[in-house]
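Engineer: Below: one structure in structure tokens.
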């Protein structure tokens, strides 16, 4: 090598060769790194589960169990204790709502049972109603179907109940008494009722007479009576919307006429439509004064006999239609 080259390269080529790195060193480094990682994992596992919360097991909808698992990284903050208590309360309310129809259903079943009506019939019998046809009719007709649902619990009490439009459904004792007086043990072919109301008395009459004609002057009550009677499928009732004081001359004569409203007297038109031997039952008197249940019998073409019986109270008998 020349002197100039020796100055530029003071080391010989042999001196520039490096010994190759032994592979054992690289493997040892990897092993050390792995040991350190395992130590970190072991330490993390030993720490309480605050960094990795565990979701408690919960029941599956069909009885299985969901396994506990770590919560996801993004998770909403846990609900406050008060919120945790509110959820069961909501479920309890839902349960109460679902249970309410069962309670109402049980009450309805008890209300509509034959035993309830039989107790009403026993009271009627004890109060003097003796006609077995009338008692059977009162037992068969479900009175609760003719009153508002809010009054259904009182349906079989001996009380007059409002049906709207300043009208009432008569007491069971009064209904039975009037029908028994009108029938008087006879087989009734044709009966006229003045004042259909909700249709209850017409339904009872339909089980005593062959044909029942009923007139109502208040249009909404006339429509309501049709709806009330429809589920019973009563084939022998003919409802009419009109003035009850006029009667139904086209269908006369009638074996019996029952008037469910009080007038100062019995309209002459109704007396004329009563068959000879027929009986008319009506309350007579002022609304603010004394009213008396009155029996009128037609004994001849131009002769009627009147009997004054029980003190009663009815809504007034009015003319015209509304």
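Note that Cβ sites are derived from N, Cα and C of the backbone, with glycine treated the same way.
From Swiss-Prot, here are the annotated features:
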- 170: active site (ACT_SITE)
- 14-29: compositional bias 'Basic and acidic residues' (COMPBIAS)
- 33-51: compositional bias 'Low complexity' (COMPBIAS)
- 76-91: compositional bias 'Low complexity' (COMPBIAS)
- 1-101: region 'Disordered' (REGION)
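Could you place the listed features in the three-dimensional structure?
Structural biologist: In the three-state DSSP classification, residue 170 (active site) falls within coil. Taking the Cβ of residue 170 (active site) as reference, residues of its chain lying under 8 Å away and at least six apart in sequence are, in sequence order, 160, 178, 201, 260, 314.
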